[in-house]
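See structure below.
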Amino acid sequence: MADKQISLPAKLINGGIAGLIGVTCVFPIDLAKTRLQNQQNGSRLYTSMSDCLIKTIRSEGYFGMYRGAAVNLTLVTPEKAIKLAANDFSGITSLKMGEASKKLTLVKEMLAGCGAGTCQVIVTTPMEMLKIQLQDAGRLAAQRKLMPEVVAAGTVDTKSPTAMELTRQLLREKGIAGLYKGLGATLLRDVPFSIIYFPLFANLNNLGKRGVDGPAPFYVSFLSGCVAGSTAAVAVNPVDVIKTRLQSLNRGSSEDTYSGVTDCIRKILRNEGPSAFLKGAYCRALVIAPLFGIAQVVYFLGVGEFILSFLPKKDN
């Protein structure tokens, strides 16, 4: 049986719902990733992901693991919408089971992924900018209590700002450019991620198809999404570390500040060594793999098509 084509509105609904569910499920791991990546030599508060989550719950409570989640939950739907629409118009058929890249060459698949990754940074950059400040605020507060020697007086605000307060402050002090700090690093992360993910998913998914035109079984698409997502996530993790460092506005007195991507790379190599670029890599893999696995579940169940079926159809 030939693959069923999905309309763009259904894809956008599926992508938005998958994003909301995925963020809710894996956000604590993403918080641990941000805090681990921002740690520098001499100011290490957490030894691992589990240690970070345990200390976060002890000092901030259960909901401390969801600092910044509101920003992600608000902006993840438009982010997925832009990415899926760009991907659709670039020539990738969709993430729906069995639909991926039947006629595109590998180079065209990579170019389509590049287009999707480039377009999504319109939403991703300000979303990440705000999220990182909120996620890292707890680490700095904990440093103030447990490691006061690494936090200079007045360096860190005692009150954690809200997303709206951060937005107003950045717009007032730096204009719209303040929300897009780290745009170059975000592009360097998201474009290669999409270039790796979309072709890898398409080709892994095609290996499990039933016949030439038949769809791949659900479990094949699910595993393909998880493998492709985690592979792409680990591959671009060094750039994610750079992006996180550049977008962090507050830091301890003993922690380095950076003027740009090259300055960040140079200081990390000099002060922390190459292994620092892999900080949070396994956290990022654990975040991305379920996100794309959940996306496959939503597409497989046809949630978007089900919702659209209740809308009145236009008469021809």
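Here the Cβ of each residue, glycine as well, is placed from N, Cα and C on the backbone.
Where the annotation comes from TrEMBL, it is an automatic prediction and has not been curated.
A quick note: this is a predicted structure, and the numbers were derived from the prediction, not measured.
Within the set 12-32, 222-242, the record from TrEMBL flags 12-32 under the feature transmembrane segment.
Same-chain residues lying 6+ beyond the ends of the transmembrane segment (12-32) with a Cβ under 8 Å from its Cβ atoms: 6, 46, 49, 52-53, 56, 65-69, 72-73, 76-77, 79-81, 83-85, 95, 135, 280, 283, 286-287, 290-291, 294-295, 297-299, 303-304, 307-308. When the repeat 'Solcar' (6-93) is classified with DSSP, helix, strand and coil residues number 70 helix, 0 strand, 18 coil. As a whole-number mean, the pLDDT of the repeat 'Solcar' (104-207) in this prediction is 81. Note: the repeat 'Solcar' (104-207) comprises 85 helix, 0 strand, 19 coil (DSSP; helix = H, G, I, strand = E, B).
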